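Undergrad: One structure coming up, written as structure tokens, with questions to follow.
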């Protein structure tokens, strides 16, 4: 694969002529578009790759062997947070891969960057009940701008302070209320509060930050509920939409882009119908205009495996039901748009440029992946990525990366990158791999996905030269695989006592089993037949 940029002063190669399609792809990728980058974290160190496309089939290394225990990009991809030890956190500028700030945080437990990288939020192990162990730092100056105390750390309450995607709004959940801040000046403290008795978690709509969803669990016979509030009228405490439900242990709240709809995945630890060992799950849909406040109409019984909004926020997809699971696309009015069939699936990944999606089965499933063009309503391809732990589309929408990582899996760690249609583009194995992430970029920074795909397809066709045009070594290497016989799958193991099972079954059923008998069995069988003949002759003569 060719590099993404060319030096105009460098003469073109003479050993191979670049096709027009190759230049068109490079022009499409280099037309004020940022290069793709991949964060790769191995034991105690990380690297930052540039690409794809990769030059000579291998990635270029932008940042290599940085001491690291954990790492995370800001949502806009401008900064990289690197946890170097239990007390040192470094911030890197992603443009030049240079360290710009370092923070000393004793007893560090968790940390997170705000979406635009303006703030760093840290959680420290508390030394006392009133210890202000959550700190908000300004990454540019290293100053502390806000602190508060928090007893425990869970997935639902971290990050403690939530930001909208543009960092115009910030909020946090306190006892029986949601507090709102001026994200530009935290010295004011909270400037508004929303009273919600019993609230344990909330989800702020990110783009725009117009609404907030609050979850109140079951208590003393009162059902659990999710309520939607308008942030502008938060002090009035009147929800614009509400849904109550029994048998609720946890919830996942998922806003769409545009902040008009919320998917609520409700899960209970116990399934009273005894159909599932993993409990019961239901999917609800609430809209901020109050038009829809009920269940998503699913056409198969069973658990909800995954539910994801598209990047446009105009449709969502759900994988649901007992295996083989069913996958359905819905519009934002909760009407079915497209059935994606059934299969061993539990994961949906929408392409950030819109047009494509990947339907896959990871975890304890065999790793089958199906790629769809949901606008044209056709399947593009299918492949497998066994033992994958993470999976995501590239920001430009042309590639799909899966990774097998520790500690989930301790063997066969590695990275696979596929084209948009499922064909394998790159594969690299590691002795131990802990993390593989794309650097976030806004999809709008890249060209139209249709033009990029056309150029990419043309390059792949040009790479496949007709027979007779390549050099002799190339032709010889092309013929070599055909000389090898097709590999056969190894036979399944059969225990010793099972070797005679077919013989015994044939004897019981009175069937012929001469072909499956061993030499000793045939010899014994002939002896028995001769003895029967002798006995029959003796009986006849008497």
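Glycine residues also receive a Cβ, built from the backbone N, Cα and C atoms like all the rest.
TrEMBL feature annotations, pasted as is:
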{"type": "DOMAIN", "residues": "60-154", "note": "domain 'Translation initiation factor beta propellor-like'"}
{"type": "DOMAIN", "residues": "243-436", "note": "domain 'Translation initiation factor beta propellor-like'"}
{"type": "REGION", "residues": "460-500", "note": "region 'Disordered'"}
{"type": "COMPBIAS", "residues": "468-487", "note": "compositional bias 'Polar residues'"}
{"type": "COMPBIAS", "residues": "512-521", "note": "compositional bias 'Polar residues'"}
{"type": "REGION", "residues": "512-542", "note": "region 'Disordered'"}
{"type": "COMPBIAS", "residues": "530-542", "note": "compositional bias 'Basic and acidic residues'"}
Undergrad: On the DSSP side of things, how many residues of the compositional bias 'Basic and acidic residues' (530-542) fall into helix, strand and coil, could you say?
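TA: Across the compositional bias 'Basic and acidic residues' (530-542), the residues distribute as 12 helix, 0 strand, 1 coil.
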Undergrad: Return the average pLDDT for the domain 'Translation initiation factor beta propellor-like' (60-154) as a whole number.
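TA: Looking only at the domain 'Translation initiation factor beta propellor-like' (60-154), pLDDT averages out to 92.
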Undergrad: Please list, for the domain 'Translation initiation factor beta propellor-like' (60-154), how many residues fall into helix, strand and coil according to DSSP.
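TA: Helix (H, G, I), strand (E, B), coil: 0 helix, 52 strand, 43 coil.
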